[in-house]
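A.B. asks: Pulled the feature table from Swiss-Prot, pasting it below:
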| type | residues | note |
| --- | --- | --- |
| BINDING | Gly620, Pro621, Asn622, Gly623, Val624, Gly625, Lys626, Ser627 | ATP 2 binding site |
| COMPBIAS | 47-65 | compositional bias 'Basic and acidic residues' |
| COMPBIAS | 148-161 | compositional bias 'Basic and acidic residues' |
| COMPBIAS | 208-227 | compositional bias 'Basic and acidic residues' |
| COMPBIAS | 521-542 | compositional bias 'Basic and acidic residues' |
| DOMAIN | 587-802 | domain 'ABC transporter 2' |
| MOD_RES | Ser22 | phosphoserine |
| MOD_RES | Ser106 | phosphoserine |
| MOD_RES | Ser110 | phosphoserine |
| MOD_RES | Ser141 | phosphoserine |
| MOD_RES | Ser167 | phosphoserine |
| MOD_RES | Ser557 | phosphoserine |
Amino acid sequence: MPKGPKQQPPEPEWIGDGESTSPTDKVVKKGKKDKKTKKTFFEELAVEDRQAGEEEKVLKEKEQQQQHQQQQQKKKRDTRKGRRKKDVDDDDGEEKELMERLKKLSVPASDEEEEAPAPVPRGGKKNKGGNVFAALIQDQSEEEEEEEKHPPKPAKPEKNRINKAVSQEQQPGPKGRKGKEEKSKGKAKPQNKFAALDDEEEQDEEEIKEKEPPKQGKEKAKKAEQMEYERQVASLKAANAAENDFSVSQAEMSSRQAMLENASDIKLEKFSISAHGKELFVNADLYIVAGRRYGLVGPNGKGKTTLLKHIANRALSIPPNIDVLLCEQEVVADETPAVQAVLRADTKRLKLLEEERRLQGQLEQGDDTAADRLEKVYEELRATGAAAAEAKARRILAGLGFDPEMQNRPTQKFSGGWRMRVSLARALFMEPTLLMLDEPTNHLDLNAVIWLNNYLQGWRKTLLIVSHDQGFLDDVCTDIIHLDAQRLHYYRGNYMTFKKMYQQKQKELLKQYEKQEKKLKELKAGGKSTKQAEKQTKEALTRKQQKCRRKNQDEESQEAPELLKRPKEYTVRFTFPDPPPLSPPVLGLHGVTFGYEGQKPLFKNLDFGIDMDSRICIVGPNGVGKSTLLLLLTGKLTPTRGEMRKNHRLKIGFFNQQYAEQLRMEETPTEYLQRGFNLPYQDARKCLGRFGLESHAHTIQICKLSGGQKARVVFAELACREPDVLILDEPTNNLDIESIDALGEAINEYKGAVIVVSHDARLITETNCQLWVVEEQSVSQIDGDFDDYKREVLEALGEVMVSRPRE
């Protein structure tokens, strides 16, 4: 007779009891003492029936123990049942095909087949029938039932554990235990999915047999194993059906989406942003905690505004429950009054008011069913503070410089700067979850900045501000985000705290760099080549950096370690040449009256003068004539009555808000200075460099420069004029913080007179300027310091000055 059975349909390999020359026969005979006589196919079926009866009793007891556990798992199965329904239908088709193939083989056994070894019954199966077809039908029903209870496990990762469980279940009783365990060693992995499912069912039943319910420790292990069992579903599903890839990925996305929908903070890791081929952010991380007020700082042109726009446009993964607003565009110019433009920003309030009017009309027509809904509408209106909405809108507009008449003026009658104020008022009125302000003080006068500063200190929601006003950042912000080297770095505290920490960090980096250079010199002096010395130093640096990362719990950089470079400090230095001494009177207005045609006079009988050591800051609300006063002093406006007097040798350097108008846009900055002052090429470039204009911008047409770069060209021009008096009208617009610091230092070092109009509180205080306020058609000096003036401004608006402790 043949040494092996005839070819069967794909089934798990099994070891028969017949004669065989394979090495596994020795293993089987070693553990089976009952294989002394050979049994026919039908005799073995009878033995199987008896074994099935015994197993059935044991399984009934097991089923009672499993019933409680199955009830707990029922809810989980129900949720997964719908998702697996399609897979089960596909599996049923495969099972039917397998059954058809098995039935074709179920013919009366031939002489050779009678001597062929019969398959060993699978452990844990209930063979109720008295023949092979009954056993197969029973197996099929159990497979279908088990597949509904548990999705199939992947066969490959669990190969060893499944084979062990199957070998232990093949025959009951301790008699053949050793032989069964050794038989499993020679057993191949299942050849199809149904065999794998059978093996997993046997494994589950064996685990239930070994882990009794009273043993709580084993119960916990069982639950943990079942959780792992469920996590492995995805891998098997992906291997069997392409559509399962979509469902699994969708489930994962749904889980992430659910987390986002409940998030109150923003956490974005490893994002990159490029603009016009230039990388602005590379593997940067953004963390914004709800309720904190962040200041985003860094040099101009590095991507601060770009980041705000990406957040506002939701180009980054912002949680959908966080409403984001970036105040960047002026309000539409139309017939809408300013106060109504602010009120209409709250669309929820408008919808509730519209519904209230509709329900009131239904009640008047006798429809009593609207009463309940109307009461709920009233509750929502009360909760949103609808009754106080107009008062709130007018308070915000007043703080930003709108008097009662201006609040009712149509927006089309305002200039662009005032429409920007209306837009800012709308943003403050709406109170979004995350409010982003990009240079909010640029279009404001000093009084409006004082009010906004005070108002935002009480802001309870999340705030992200880009500003060049250090005093504003110091008062408002609780955290600073520093954009440096295409990454975002976080510092707790206001700008002053950040500045101290950053300077200390730079000092430490400089010490490390100097230590590294010293080590390189020592290695070279000891006979090492430059390449060897750098390699050895780099290895030592790598170890030290890794130690620092572990200490600070920082993520390890993906970049290859490099030698330290000298820390580059972004420094800007403004310098104005000192003027020669001039005898007084230097510059003054005497009995001046002035007003624009068709308007009320701004000044009447004004007397105002300066000396060479004067440091004066002109303050006052918008529209009172601050810029007009500067134009009268420079001689660009002629008084209606009175006169302007000045020293005949006096040279005035004037920086106007509309400085771009004095530049020739078709020229390069170098050409502009060369033509105006007959300077050599290199001298012109040196002058531009002293005011922080990058070297590559020296030869670009002025029309292609940014606002900040154009401002530096104007400052360079002022220095070339060698003025005796500097008259500056809002000089900090478009300058970054470092440049404003440099301007303040230059003013302090300058020996001539300075008159400035500025909304930057820090520039005013650090230059020790005397405050002169324009009011009631005159100019007068203020008694007290800048804090006294702030208090006076807020009290006039009915506000209370906030004094926040420094963090």
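Cβ coordinates are placed from backbone N, Cα and C, and glycine is handled just like the others.
Walk me through where these features lie, including what they touch and how far apart they are.
C.D. replies: Under a cutoff of 8 A between CB atoms, and with a sequence separation of 6+ in the same chain, the neighbours of Lys626 (ATP 2 binding site) are Asp445, Ile618, Val619, Gly620, Val757, Val774.
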A.B. asks: Over the span of the domain 'ABC transporter 2' (587-802), how high is the average pLDDT in this prediction?
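C.D. replies: Average per-residue pLDDT within the domain 'ABC transporter 2' (587-802): 92.
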A.B. asks: Taking every protein chain in this structure into account, which of the binding-site residues Gly620, Gly625 has the most other Cβ atoms within 10 Å of its Cβ?
C.D. replies: Gly625
A.B. asks: Across all chains shown, how many C-beta atoms besides its own are within 10 angstroms of the C-beta of Ser627 (ATP 2 binding site)?
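C.D. replies: Around the Cβ of Ser627 (ATP 2 binding site), 18 other Cβ atoms lie within 10 Å.
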A.B. asks: For Gly623 (ATP 2 binding site), which residues of its chain lie six or more apart in sequence with Cβ-Cβ distance below 8 Å?
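C.D. replies: Those within reach of Gly623 (ATP 2 binding site), by Cβ under 8 Å and sequence separation of 6 or more, are Gly401.
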A.B. asks: Once Gly620, Pro621, Asn622, Gly623, Val624, Gly625, Lys626, Ser627 are set aside, which residues in the chain still have Cβ within 8 Å of the Cβ centroid of the ATP 2 site?
C.D. replies: Asp445, Thr628, Val774
A.B. asks: Near Val624 (ATP 2 binding site), which residues of its own chain have a C-beta under 8 A away, given they sit six or more steps off in sequence?
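C.D. replies: Sequence-distant Cβ neighbours: Leu602, Val774, Glu775.
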A.B. asks: Give me the count of other Cβ atoms within 10 A of the Cβ belonging to Asn622 (ATP 2 binding site).
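C.D. replies: 19, counting other Cβ atoms within 10 Å of Asn622 (ATP 2 binding site).
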